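Single-structure report; data block below.
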Amino acid sequence: MRISKAAFLFLFLLSSVKGDILGDYIRTDGVWILTRNKQSYKTNNEKECAEKCEAERNFNCRAFLFTRKKLQCLTLAENAKMSVMFASMDAVLYEKRIYLLECKRGTGKDYRGTEAKTWRGIPCQKWAEKIPHKPNYTPQKHPNAGLEENYCRNPDGDENGPWCYTTDPATRYDYCNIPECEDQITHTGEGPTAECMQCNGEDYHGEVSRTESGLQCQHWDSQEPHMHGFTLKHYPEKDLKMNYCRNPDGELRPWCFTTSPTKRWEYCKIPRCTTHPPVSGPGSQCLSGKGEDYRGRIAITESGNACQHWNTQLPHKHGWIPDRYPCKGLEENYCRNPDGEKRPWCYTINSSVRWEYCTIPPCDGREQESADVPIQVPLTEECYRGKGQSYRGTTSITASGKKCQAWNSMFPHRHEKTPDKFPDADLRDNYCRNPDGDNRPWCFTTDPNTLWEYCNLEKCDDQTQEPIPNDSPATMAQDISPTTRTTSG
């Protein structure tokens, strides 16, 4: 039998993907999950840890954790869908794609999702049980069929897809309602709905609306099941239409909030375009707009701290690695704006100052011969008097080094400390402020696990009494103490 060129290409691509063991996993940086069923190993890298997961015989390995600092490998019987997840800077979580897919490919013989009821809504019987139905297909007879718990499976390759024995004595078995996985078609990148991406997909305008595990995307204009601040009002230029996958915040690739209450967000599977991105020239040597296209060589912050090199992790560990963001111009230790900040910035070599903005000369039509020379400008007073209610500086980082959330944003924390409710508190951008009479300036943080923190500010030496903002009684009535500050108040 002759193999067609298309079939040969498919087999070649399949074998190429299978060549990288990590290609079968979905990676999430900076997280940890709690699980009791695990095994610990000493490995040199993630690939060796993946090999331990594949060879695990103590349990069915669904994921593994790898810590860069200790080179520790933990193989896990559970993934993030089945356990509690929390932040851990040094850890990387790898989850097997097959156990995250909530859709089926073909007949769904490889479906390993957690759907456990029939299309009529009848709960499934556990595969290992014999009541109310004595099963022909059991975990003992078919150890490779994924017959766990009472999840829908297709151990016999039924052409109608995954099924299960039911808990209804009158119905021996029935099929499950598992959606088809969306096919991703690679185009050349031409046209407004091309289903491929350049760089990190910030220019992606296609119509894929499922995550890489098959979950349906939540509409951007909806706050259910997940509240967020990525709306057309706040991001009018990011094309947040319908529930299409987008990359409004400079992530690794397009993503979306999901319609699953247990999975807040996930990356989408958007193929890379086969054509190279258009060459945009050397980039601007001066500040225009937010400076996202700035490619000059200033490497010092506005307070005089030297910048840390982007390809190093000392003194500050970070995720802006040049190889991951090939179109962001992360060269040497030059000031850049890879994440849509107000202006270019950098991590500093000062271990006590994680990052700061840089002073870039503006583009005003004149020649910028001195574009590479840092210009020192007077800084807004970066200390506070009294409780700091009159503080109007531009510090936007907390005492522990976390970045502040913008006051008019509801992501990642929903709150009521908004500029319209506190008009006299100067709640601009994400600057540290004290709108509610706390002990000192504070802010909500961009860390989903930390609601708020006090800011990295010192008290001024001058002991002049601070003027108290003229808040109305109605405004003051909304204030709450720092010990009871929540996302709803």
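Easy rule for this one: first residue shown is 1, then count along the chain.
Just so you know, glycine gets a Cβ as well, placed from its N, Cα and C.
All annotation found in TrEMBL is predicted automatically rather than curated by experts.
Here TrEMBL gives region 'Disordered' for one range in the set 190-214, 465-489: that range is 465-489. For Cys460, the disulfide partner recorded in TrEMBL among Cys383, Cys404, Cys432 is Cys383. The shortest Cα-Cα distance between Cys245 (disulfide bond) and any of the disulfide-bonded residues Cys196, Cys286, Cys358 is the one to Cys196.
The Cα atom of Cys460 (disulfide bond) lies nearest to that of Cys346, taking the disulfide-bonded residues Cys256, Cys273, Cys346 as the candidates. The highest number of surrounding Cβ atoms within 10 Å, among the disulfide-bonded residues Cys196, Cys217, Cys358, is found at Cys358. A separation of roughly 34 Å, to the nearest angstrom, links the Cα atoms of Cys307 (disulfide bond) and Cys196 (disulfide bond).
A distance of 17 Å separates the Cα atom of Cys383 (disulfide bond) from that of Cys404 (disulfide bond).
On the 0 to 100 pLDDT scale, the domain 'Apple' (17-98) averages 84 in this prediction.
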